[in-house]
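Under the heading transmembrane segment, TrEMBL lists 12-33, 53-72, 84-103, 115-136, 148-168, 204-222.
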Amino acid sequence: MLTKLKGLGIAQWIAIFIFVSMGISMIFITVEIFLAPVEQTPGQPKVTLRSDYIFLLFECVLGVIILLLPTILSHRFKFEIPGLVYILFLIFLYASIYLGTVQKFYSTVPHWDKILHTFSGAMLGAIGFSFVNLLNNDKHVVMKMKPGFISVFAFCFAVTLGAFWEIYEYTFDGLMGLNMQRYNLSNGTPLAGRAALADTMGDIIVDVVGSLVFVLIGYWALKKGRPWMINFEFKKKQPKEGGAK
């Protein structure tokens, strides 16, 4: 057991740390679900309601599932995740779900939401780049895609997932009375017109900027054959010698 632990890399230790953080948070949140009030008392200071804790629990469970997803997919489809991409993914997961939602960084740290959207745009652009490059390097794929096509796909991939995230926020704002899209002020006053759209459009814009910056760098690197792009490449797992075919 100790030998296995010593063999873990930095990415695995980060993943374990996030898993433990989420697990401890889920225990405390579950307790708070039974203790928290169901409704806000009129005229009293705003408190965290039971529905808020239910959403926090949902976010933590979702975070654990997303945490395990890369490992499951890599085993299922026989590919290796680049260490740098995996570490960036783990940092984003921890910063968005644990720090952002559980520790309330979204409401207490200025521009935390926009920073993460910019970061996620670049990260998703890198993942989109890597997946297409994986196909490009596959000997079973006859057609070889040019850097321009790979770049356009990576950009569209990142922006599309950013749009799906906004749909997720809109859906749960409606179902659970949340304010993830910032259509209300902190005191509950509803915004109107362009002001109500500012947060959502700002998120989409920084998603586009983050992904575009990485895609342009990636396009230039592919055209020039820069070796550092190898750090972002997914690779097919090679069968072990003497293993079953």
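Glycine is treated like the rest: Cβ placed from N, Cα and C.
The transmembrane segment (204-222) makes no contact with the transmembrane segment (84-103), as judged by fewer than three Cβ pairs under 8 Å among residues 6 or more apart in sequence. Of the recorded ranges 84-103, 115-136, 148-168, the transmembrane segment (53-72) has the largest number of C-beta contacts under 8 angstroms with 84-103.
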